[in-house]
Amino acid sequence: MVSNYNEKHIKVLKGLEPVRKRPGMYIGSTDTRGLHHLVWELFDNAVDEALNGSANKIEVVHKKDGSIIVTDNGRGIPVGKNLATNLSTVDTVYTVLHAGGKFDDQAYKVSGGLHGVGASVVNALSRKLIVTVHRDGGMYESIYQDGGKIIQPLKKVGNSTKHGTIVQFWPDPTIFKNIQFNPYMIKERLHESSFLFKGLKIVFVDENNPELSQTFIAKDGILEYLKYVNENKKSISKIIPFKGDYEKIVVDGCFQYTDNESELIISFANSVKTSEGGSHENGFKQAMLETINDYSKKYKLINNKDKGFDWSDLKEGLSVVLSVQVPEKIIAYEGQTKNKLFTQEVKVAVAKILTQQLFYFLEENQADAKQLIERFKLIKEAKEAAKKAKENTKKLKSAKSERVLYGKLTPAQQKNPLQNEIFLVEGDSAGGTAKSGRDKRFQAILPLRGKVVNVEKSRLQDLLKNEEILSIISCLGCGIGNNFNIKNLKYHKIIIMTDADTDGAHIQVLLLTFFYRYMKELIEQGKVYIALAPLYKISAKNSNKSAFAWDDYQLDELRTKYGSYEVQRYKGLGEMNSEQLWTTTMDPSKRQLIQVSIQNAAQAERKVSILMGDDASIRKNWINENVDFSIEE
């Protein structure tokens, strides 16, 4: 600690230095998620041109050299001099924080750009960035390097009959842990965005793998999106759309019920996904609940004296897509990265539009309305019965849970959830080795002896009869479903450790499906990991040297290094002794973990429904084709 705190300790960061000093404040993180956030920022800027009716085509290219190019056929960034900075407007937008057209509602009525810092933040975190503008009969270009330093100020490089903006950037390897873009992630995001704009042509080109290249045009907008999300589920209601505007806020939404037990709400504000929800989702829930209760009482489908339904009665099997367009002057988010919408006027707008249109739908489709309300009543009754049964058998269940855990869980010695981690280990054999090899201070071991149930094909009451699932719920301590509370979680890391084979991959998929359906926040908060065990041990014949390889590439390197050698292929965790398991898979300073995340809710929903549905052959084929049981570089 510095004792003589004085004037010299006050730093004034100039230009784009604040972004490079604290990138997490602007893009959330410097991992894979943060890296791709740069693409989303430039893409969102292009989408803003479409939002305002100035562009009908956007192209994103993943180049062989690792760079990304985003092109739109919008108006093109103005090329004249900016009076406030004495730089060209293009150079101002890309080198000055909080500069851009989004602050003037005459230029953009609505936008999704990151509070006027998106373009400059991408530049700040790139080793090189080139902007090309087609506007007013000319072609103009600016070049920046090493975090936004102007190498070539904007200059005219030719004539042009086109209009629009082209941005190419190379991420800075001194900022990001990994600068390899995931083309599948980019493609999924572009596909998702295409549903928000009827007729907008979005093109993805991958020069490294041309087969991934695809053009997206959605003719039916978000109705098409909801059909896409629910394609592999059994629907039990029509798709119910609602659309309108109130106080210059435009609302476009639709919802449907399926036979799935979980709730899915996918929401957007000015075309940007709001993964943490916010005021628009709150307005939807409020209006949905009030309208269903009012209609039910009006037509005596429930007793007027009854307090009615609550949200937990309505959310089972509900899929929603909700998009709002909010005037730039009133839009507000919680934080820079726009994951949660804050604007309270949006809640009012969504509620008013949905209330009016949903009530009209229910009155015009009374058979459908009655079917839905009967469903809500059954869910409510089942929930109340389950609550009574839970109270009556609380002691018995507690005793049973303790018996299930007894002899299974090997707890950590310390009790600090922020430091403790739990390994969910496939089989008794590996579980025993893990117990011997672990660090007893902070590592707990839970062997999974029996079969983990497929939660996608089981209802909650059946799920709770499975001893493996009960063990996991009891160990984690945070509850499931409506009773989930992450504050009660006993471990900051939940690590799935299975054999590197098809059976091991199947167990991983089953466990991840369980977490996704009933403890999704664990994944959203980055608490779930997959341990990567080595595939090979290579030993030199002429010495005591040995090493481990996680894939064939590493094995080939070691073969070249060792000359004369023996190779052991690990078929299961149990083939390693406790010291080897600790060194390769459990030691925090050496192990390799994959953090499980949900980048795209719609894709996750579709894949879970497909993989864990009734057709086991689909699941088996997917595992065989997509899981290579080695670390992703």
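Each Cβ is built from the backbone N, Cα and C atoms, and glycine gets one as well.
The Cβ of ASP72 (ATP binding site) has ASN45, ALA46, GLU49, ALA50, ALA55, LYS57, ILE58, GLU59, GLY164, THR165 as same-chain neighbours under 8 Å, each 6 or more residues away in sequence. DSSP assigns ASP72 (ATP binding site) to a strand in the three-state reduction. For TYR5, ASN45, ASP72, GLY113, LEU114, HIS115, GLY116, VAL117, GLY118, ALA119, LYS338, the entry in Swiss-Prot reads ATP binding site, with the evidence type sequence analysis.
In the three-state DSSP assignment, the secondary structure recorded for GLU426 (Mg(2+) 1 binding site) is strand. Residues or ranges marked as Mg(2+) 1 binding site by Swiss-Prot: GLU426, ASP499.
The Mg(2+) 2 binding site annotation in Swiss-Prot covers ASP499, ASP501. In the three-state DSSP scheme, ASP499 (Mg(2+) 1 binding site) is classed as coil. Sequence-distant contacts of ASP499 (Mg(2+) 1 binding site), defined as residues of its own chain at least six apart whose C-beta falls under 8 angstroms from its C-beta, comprise GLU426, GLY427, ALA430, ALA533, LYS571, GLY572, LEU573.
The average pLDDT the prediction assigns to the domain 'Toprim' (420-534) is 84. Per Swiss-Prot, the feature domain 'Toprim' maps to 420-534; the stated evidence is sequence analysis.
For LYS451 (among others), the entry in Swiss-Prot reads site 'Interaction with DNA', with the evidence type sequence analysis.
Among the features that Swiss-Prot reports, site 'Interaction with DNA' is placed at ASN454 (among others), with the record citing sequence analysis.
Summarising the annotation, Swiss-Prot assigns site 'Interaction with DNA' to HIS506 (among others) and lists sequence analysis as the type of evidence. Counting Cβ atoms from all protein chains shown, HIS506 (site 'Interaction with DNA') has 20 others lying within 10 Å of its own Cβ.
Taken from Swiss-Prot, the feature site 'Interaction with DNA' covers ARG619 (among others).
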Query: Counting each residue once, how many in the domain 'Toprim' (420-534) are helix, strand and coil under DSSP?
result: 55 helix, 21 strand, 39 coil
- prompt: According to DSSP, does GLY118 (ATP binding site) fall in a helix, a strand, or coil?
  reply: helix
- prompt: Which of the recorded positions GLY118, LYS338, ASN454 has its Cα nearest to the Cα of HIS506 (site 'Interaction with DNA')?
  reply: ASN454
Query: Including all protein chains shown, what's the count of other C-beta atoms within 10 A of the C-beta of LYS338 (ATP binding site)?
result: 26
